[in-house]
Amino acid sequence: MSPAAAAEPDGDQQDRHVSKLIFCFFVFGAVLLCVGVLLSIFGFQACQYKPLPDCPMVLKVAGPACAVVGLGAVILARSRAQLQLRAGLQRGQQMDPDRAFICGESRQFAQCLIFGFLFLTSGMLISVLGIWVPGCGSNWAQEPLNETDTGDSEPRMCGFLSLQIMGPLIVLVGLCFFVVAHVKKRNTLNAGQDASEREEGQIQIMEPVQVTVGDSVIIFPPPPPPYFPESSASAVAESPGTNSLLPNENPPSYYSIFNYGRTPTSEGAASERDCESIYTISGTNSSSEASHTPHLPSELPPRYEEKENAAATFLPLSSEPSPP
């Protein structure tokens, strides 16, 4: 097995571990946030009245502390999820790797469901606490010990009206999380259907087309691939040092191919290629004959007059009849 093929399962397994860690941080932060909100509301709204003297002070400290820790965990998980998504896009992942995170659903869908359930439960508890706990009643008022304490004998439980307002608002936030979960699930289903339809279309395009005309069947070959396929374009884009040779929408010009389409060669090969191109243009038959200069003799050719005299002396001698 090649190292690249062995590295891919390790990378997928590491991504799964990171996804599980992010999910745990989300759930832990959401639970702490809701518990902190409930403790804060109960500590600051109910424990500040004299009819409930047994409310400990620790609730007023533990509530905001839990809420802050939970909010920090949620923010940390969110930032880590963004980093994982960017790393996946840089590696060329087009689809979400967490589509089947838990029970065949995506991680974001599960997170939105958990958030919605927690907020919905918290809002209902706050609403029940604000509605069913009696407020502003005479049973909660202390009896005055003397005439000077008559001003302190007024009922003090009217502060639960804020719980009656905050409860439905938190329930509404929980319902909004359910709506977001439904939208994310629908988007995931649409993306999966589009991907499957695209694959089916590519398979159908690569198959030959049969057309029946009367009793004869005409088979048309599949169309040729595109001039610049997406796979080659992405491979060129990912490979370093090829930024100047990226494919464009139109085919490259002749001059760009002639100038930039050469491969680096040695000096001897380059000189031989130049000689071949030059002698091809000049019309010579072979490069060997044109490259070697002819050997010139050291003696000078005879003069033109000497040639005429030699020809004149040769003709009379040849015209005389031979003796018997």
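Here the Cβ of each residue, glycine as well, is placed from N, Cα and C on the backbone.
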Expected hit for region 'Disordered' in Swiss-Prot across 89-108, 229-248, 249-268 is 229-248
For the transmembrane segment (57-77), the candidate among 22-42, 113-133, 160-180 having the most Cβ pairs under 8 Å is 22-42
Within-chain partners of the transmembrane segment (113-133) [C-beta distance under 8 Å, separation at least 6 from its ends] = 26-27, 30-31, 34, 37-38, 41-42, 46, 157, 160-178, 180-181
